[in-house]
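Undergrad: Take a look at what Swiss-Prot says about it:
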| type | residues | note |
| --- | --- | --- |
| ACT_SITE | LYS165 | active site, proton acceptor |
| ACT_SITE | HIS284 | active site, proton acceptor |
| BINDING | ASN113, THR163, LYS167, ARG285, HIS317, SER369 | substrate binding site |
| BINDING | LYS191, ASP193, GLU194 | Mg(2+) binding site |
| MOD_RES | LYS4 | N6,N6,N6-trimethyllysine |
| MOD_RES | LYS191 | N6-carboxylysine |
| SITE | LYS324 | site 'Transition state stabilizer' |
Amino acid sequence: VGFKAGVKEYKLTYYTPEYETKDTDILAAFRVTPQPGVPPEEAGAAVAAESSTGTWTTVWTDGLTSLDRYKGRCYNIEPVLGETDQYICYVAYPLDLFEEGSVTNMFTSIVGNVFGFKALRALRLEDLRIPPAYIKTFQGPPHGIQSERDKLNKYGRPLLGCTIKPKLGLSAKNYGRACYECLRGGLDFTKDDENVNSQPFMRWRDRFLFCAEAIYKSQAETGEIKGHYLNATAGTCEEMIKRAVFARELGVPIVMHDYLTGGFTANTSLAHYCRDNGLLLHIHRAMHAVIDRQKNHGMHFRVLAKALRLSGGDHIHSGTVVGKLEGERDITLGFVDLLRDDFVEQDRSRGIYFTQDWVSLPGVIPVASGGIHVWHMPALTEIFGDDSVLQFGGGTLGHPWGNAPGAVANRVAVEACVQARNEGRDLAAEGNEIIREASKWSPELAAACEVWKAIKFEFRAVDTLD
């Protein structure tokens, strides 16, 4: 066959509407905004080409392989309702394009290069379908939801956490004292903030030691298992693992990682260490909004959430629906199901473009955190259910009587909501009444209710369904 040099349109090779997807294909749904004058078929084909085998011109080495076997294919295009220039382009990638067990390689291929492409005004990856054949090459979360409950001996209610504030500036001893007060008052976990690593005012080893002391002292007082998310995120993978090793030697139950700033390679390494050494792994999503906030460009958080479940983490921050951070209810619950459940049906009303079968990969507990307080407890309990961590930073430490009473208020509120739900009451309709009733016999809760009775974060969500 003679080699024919020159430039030809992508759609001649990469737009294949007749293609029937295979069970082993990775499927992607891209929101494509082509430049004026670029037809959607060409734009969709360009995305498929540039994120798989294509380049801008025909090359003679194409003849040395089977492009039909390895190329990505744009197999369907739908206009986005209400937008004149946006399309959802569906692309199928053969599994052989990806290294086994590597989220890093998956993202480098699918979103690594194509987002700077000149023929596109904007591009957003809305969803991925990960086939079971690829999922089986990943370890996934170190332990999963059921194992975590068994380790902690806590059942039938959401878990409670608190991020220690001020996030930066406390000495290690004062930091440990704040943890102790919260844990003693009734919380299950306290937490390092995402940017607490090892700074001049508090080196990591000192913090780990004082927090371990807080854990053991509060456990002895309450008879409950306690934890503090010790942030092992560091400048190098070796240093990160060193911190995780020290946490294990202290006998604490859980460590933490910032998975986007730390990177997927580091995160997967830490997840493997945590499974091998019995540590739970809490994941913070710092930097996610840089990637997922714009509606027409970037990557939706549901993709980052799926990637985290593959890479490994037992908890991940997922927004609150009711607090100070972005998150619309249906969309949030869509990716919360993708984190927790074994099988999730396609449901476009919740932003789920593909049916996803996780083939027994352990689940991840969603963490609701950011601007929430006791008045939100009924809504949070109803929205997230038992398999969640509800995290109140300011909502614990901002209590007028201090940390421990703040923790008591949150624990009383969550127990009251769970009891009311189990008795068949409607948390959405009767939530305020349930909290008021509980506050009659808990002065700590009554004081918290008084402080935050008028606090609301009323802004419309940016991330809405079309």
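Glycine is treated like the rest: Cβ placed from N, Cα and C.
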Undergrad: Under 8 Å Cβ-Cβ from ASP193 (Mg(2+) binding site), six or more apart in the same chain: what's there?
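TA: Counting only residues 6 or more apart in sequence, the Cβ neighbours of ASP193 (Mg(2+) binding site) under 8 Å are THR163, ILE164, LYS165, LYS167, LEU168, ASN231.
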Undergrad: Can you name the recorded positions among LYS4, ASN113, GLU194 whose CA is within 10 A of the CA of HIS284 (active site, proton acceptor)?
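TA: Of LYS4, ASN113, GLU194, within range: GLU194.
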Undergrad: Based on the record's binding annotation for substrate (ASN113, THR163, LYS167, ARG285, HIS317, SER369), what whole-number value in Å is the widest Cα to Cα distance?
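TA: 37 Å is the greatest Cα spacing among the residues binding substrate.
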Undergrad: How big is the gap, in Å, between the Cα of LYS191 (Mg(2+) binding site) and that of SER369 (substrate binding site), rounded to a whole number?
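TA: Roughly 11 Å, rounded to the nearest whole number.
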Undergrad: Want to know which recorded positions, from LYS4, ASN113, ARG285, HIS317, SER369, are within 10 Å of GLU194 (Mg(2+) binding site) at Cα; which are they?
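TA: So far as Cα distances go, the recorded positions lying within 10 Å of GLU194 (Mg(2+) binding site) are ARG285.
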Undergrad: Taking the center of the Cβ atoms of LYS191, ASP193, GLU194 at the recorded Mg(2+) site, which other residues in this chain have a Cβ no more than 8 Å from that point?
TA: THR163, ILE164, LYS167, ASP192, ASN195, VAL196, TYR229, ASN231, MET256, HIS284
Undergrad: Of all the recorded positions given, LYS4, LYS167, LYS191, ARG285, HIS317, which has the fewest Cβ neighbours within 10 Å once its own Cβ is left out?
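TA: Minimum Cβ neighbour count within 10 Å, taken over the recorded positions LYS4, LYS167, LYS191, ARG285, HIS317, occurs at LYS4.
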Undergrad: Pick out which of the active-site residues LYS165, HIS284 has the most other Cβ atoms within 10 Å of its own Cβ.
TA: HIS284
Undergrad: With a 10 Å radius around each C-beta, find which of these binding-site residues (ASN113, THR163, SER369) has the fewest other C-beta atoms nearby.
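TA: Ranked by other Cβ atoms within 10 Å, the binding-site residues ASN113, THR163, SER369 bottom out at ASN113.
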Undergrad: Would you mind pulling the DSSP three-state label for LYS191 (Mg(2+) binding site)?
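TA: Where LYS191 (Mg(2+) binding site) sits, the three-state DSSP reduction gives strand.
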Undergrad: Rounded to the nearest Å, what's the C-alpha distance separating the residue listed as 'N6,N6,N6-trimethyllysine' and ASN113 (substrate binding site)? Just drop the number here, would you?
TA: 26
